[in-house]
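The feature domain 'Cytochrome c assembly protein' is assigned by TrEMBL to A:90-304. Annotated transmembrane segment per TrEMBL: A:6-26, A:33-56, A:93-109, A:121-138, A:181-199, A:257-274, A:318-342, A:401-420, A:432-449, A:469-490, A:510-532, A:766-785 (among others), in sequence order.
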């Protein structure tokens, strides 16, 4: 009852707070203003406590909660019990709601809610939180197991859960979703501010974007930081766990999360360039509002089951609620700005003969280019669905579609970035000259391909012209623009850092350089890594025998410099030491539950203290108690139990079954197949969840011992026999060695992959994230760490000092 | 018209162009009665496939696949364009089952041959008797070996 009460109270306080906020905004009064912030705090507190309580239920495996029962099991270690909290829809919505509520409370405390604008912004944010809370009220993660399965009987509680999707049992998975939801929760604030801006503008109150630009920039940057981290963590997870797909496979769900990321990146560039009356007066707030709508779109895709994918663990229907939210956020975040732009935006003063080459125009081109990149992903995801609805024909969108369309756009964007950085410090003439040089170099490099593996795609003559053209370009074409960006960014940073007395400004420039260089290196390493991954296979037919030998043979892997030796072979199962108490009741527990489990099927164990062999039944007393096991049906006479045996049986619990026997409270009526000993329980009580097989391997490269480790597979019996590969990854300086094994009755089929540049990829994402962190902290205008001079000289600026 | 407006219009036209071009050149994966993988054409209707197998006295190769499975793309790229593979496939009636398909016949096949992840192949007789099972991705050489094994089992039946 605690869980539903917490959710209900949070919905109620959230609702009251948002109603009061909207009332205050519409009537322009400050009535109740003193209670609103505490109310938001209470809402946030209740949701956090609810999340904590759900986590607690998972940790202690409280299976009276159906959601816990559905998403964990006794054999799962503590860390992954916590993963279970957000393994399903209800739990992840609770996590999102709790985080969004904390963000709303933080903003209310820091900025206050005295002004009408602040009331509107807070009203929208708290409104979204309340909506989530209401969703949880109707689709609760706290539904009692007896409510979901009334046939279990009132007091019943399962002794073991059904388990967690094996793909989620991984350390990266334990942190990837929370990081993602932090990003999503943080985006609520910019969305609310941007929507409030349009409402306020349309109502003739002048808008609030320019007053809140500091807050918006900070929220957007911090969300970008977390969203990037979440995508990186997700990629590492799919690299390690799935065993198929690698770090990026253009799975619909991966594409879906990339869309808000690309859009957020474009939004950040637009917001940087925002000037209230002239540049981006409409576009920057519009993009800010749209980003959150895209987040809801991404979530709807992940949860809807419209696009089946590797992530199909998440399906099962989002229900109506998320679709309504998608509609609302689309109306507020996309249609409202678009309508304003179409109907109300004041005409810009027409200035003929504006120069083409200005920083503002270059940035505008960057925003558009990133937007175009986002469009490629949105379209790739959406058109197959549209097409199959319209024509009934299913078309294929492979990784090649995304890669080949994105490639020229990325090249153009890199050249543009280099040009912008160069133009900024070197002036028009020189910048145009170097752009020409590097563009030529790019085009020339595109035709230089030492071997076929340098080509972007293996195109055949059936492919469309564009795919053939881009597909036959060489990956070398990435290097000139990459070098161009690195050189110009470093040059510009040195110039700016050198000429500025402000330490914060210098830090920010270094941060900007890190983000852009990190991104460029990431692009290069991903492209080269994918094209130069080499793979070969070998089958070792009698690996089990080989493992037993002291000096087993070394097998050359065909078409590669690798050789492998099998050093170990094992088959195992989990839990490895099952305890009958995990799945069956003692007689005391049956007695304690009493009448409530009358006529339900329950497992019971105990020591036999008396055996009565009758004609139609064999009756066995357990632990000298009032609880008996009654074996009926064919073969009951052959059941071999004697006093002192420890037995376990599954059957219908019948109270007052034999009223004539005074020492009998209940008989558990079972049949011969459902009774066994504690060490050899009947099949229905078999606790084996995971059957695994693994081979220990030593991998040699050119005769040198490279690494040793274990690879294998696990079969999850109670998850439809789902198989998960445990890959063996050896991280080397220049490349990873990655071994996938399929082990079947002693035969090991090994696939060995050599994946280059993984460390460069890991390093570049580190630089990218660190760079953004530096910008978040030290930006002289909106950084979290204020400059010394700013604090002492000029506390009065366009924004209030505490405006998060 | 300011430069920014012109740039915007150019980019919007580019986006529309990308959309139109890619939609028209996307390779067809399936239509009403077939799905296409590499150079091969597979029936999608279980009953038709079984009837054809009886009529032509051929074994059936069932391919369990999905649109999102990367190893299925590897099959398309490596196996289903290989002339040796295609030669052997001529001796089978080909039936592809999309694991995301929720029709009862597809679900039934999926359950009967315990195919719960893509890609998997089973070679069966027209009465449904299992000849060979290929779980997961097989390199083209061993894929051919599996097909040969199925064919010899079929002949020595």
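FYI, residue positions are counted from 1 along the chain as it appears here.
For all residues, glycine too, the Cβ spot is worked out from N, Cα and C.
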Cβ contacts under 8 Å made by the transmembrane segment (A:257-274) with residues that lie 6+ beyond its boundaries: 180, 187, 209-210, 213, 216-217, 220-221, 223-224, 227-228, 230-231, 234, 280-281, 283-284, 287-288, 290-291, 294-295, 297-298, 302, 360, 363-364, 366-367, 370-371, 373-374, 377-378, 381
Stretch among A:6-26, A:121-138, A:181-199, A:401-420, A:766-785 sharing the most Cβ pairs under 8 Å with the transmembrane segment (A:318-342): A:181-199
Long-range Cβ neighbours of the transmembrane segment (A:766-785) (under 8 Å; 6 or more residues past either end): 213-214, 217-218, 221-222, 224-225, 228-229, 232, 502-505, 507-508, 510-519, 521-522
Long-range Cβ neighbours of the transmembrane segment (A:6-26) (under 8 Å; 6 or more residues past either end): 32-33, 35-36, 39-40, 42-43, 46-47, 49-50, 53, 97, 101, 113, 116, 119-120, 122-123, 126-127, 129-130, 133-134, 136-137, 140, 142
Outside the transmembrane segment (A:33-56), six or more residues from its ends: residues with CB under 8 Å to it: 2-3, 6-7, 9-10, 13-14, 16-17, 20-21, 24, 62, 65, 67-68, 82, 85, 91, 94-95, 97-98, 101-102, 104-105, 108-109, 112-114, 122, 126, 129-130, 133, 141-142
Per-residue pLDDT averaged over the domain 'Cytochrome c assembly protein' (A:90-304), given as an integer: 89
